[in-house]
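Peer 1: Sending over a structure as structure tokens; questions will come in a sec.
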Amino acid sequence: MKKQDISVKTVVAIGIGAAVFVILGRFVVIPTGFPNTNIETSYAFLALISAIFGPFAGLMTGLVGHAIKDFTTYGSAWWSWVICSGIIGCLYGWIGLKLNLSSGRFSRKSMIYFNIGQIIANIICWALIAPTLDILIYNEPANKVYTQGVISAVLNIISVGIIGTILLKAYASSQIKKGSLRKK
């Protein structure tokens, strides 16, 4: 079995991705009125980075980006949700492996596959794992954190479903389609 190294391109993608995640997470959110629960544009961007660079880049971008966002916003990280940002980034990357965006194609079938995958991933991460970790790590009240989790899952599904799909389509459209160049 050959050891796979992490490329410089992936490391740079993680760094830039985490920085953009922080900026979007701090300054491009829409409050919902429910405590600590916002419409987050950062997860749509995380889906793009993860789909392009893979599960490891998604994992690290989510972990590092969310941790820095929390430290710069609140002074400390809320680790249960930081962990889930890493998990969701990894899952977006895993979904993205089948999309093959670099081919220049993001068909209706690919959009449906991506959105079914992200819906399942968001429900698992935000409605199940994050609240459970909140209870185990921080001894938070179950009714509060599961309500936050379900609201976050729904909002992230909508955000990633709309903004993420647009970003993936735009990225795929910017790629040169295989066989589209012809020699005269």
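Just so you know, glycine gets a Cβ as well, placed from its N, Cα and C.
Per Swiss-Prot, the features are:
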{"type": "TRANSMEM", "residues": "11-31", "note": "transmembrane segment"}
{"type": "TRANSMEM", "residues": "44-64", "note": "transmembrane segment"}
{"type": "TRANSMEM", "residues": "77-97", "note": "transmembrane segment"}
{"type": "TRANSMEM", "residues": "111-131", "note": "transmembrane segment"}
{"type": "TRANSMEM", "residues": "148-168", "note": "transmembrane segment"}
Peer 1: Which residues of the chain, 6 or more past the ends of the transmembrane segment (77-97), have a CB below 8 A from one of its CBs?
Peer 2: 43, 46-47, 49-63, 65-67, 70-71, 113-114, 117-118, 121-122, 124-126, 129-130, 133-134, 136-138, 156, 160
Peer 1: Give residue numbers and ranges for long-range contacts of the transmembrane segment (111-131): same chain, 6 or more residues beyond its ends, CB-CB under 8 A.
Peer 2: 47, 51, 80-81, 83-84, 87-88, 91-92, 95-96, 98-99, 140, 142, 145-146, 148-150, 152-153, 156-157, 160-161, 164-165, 168-169
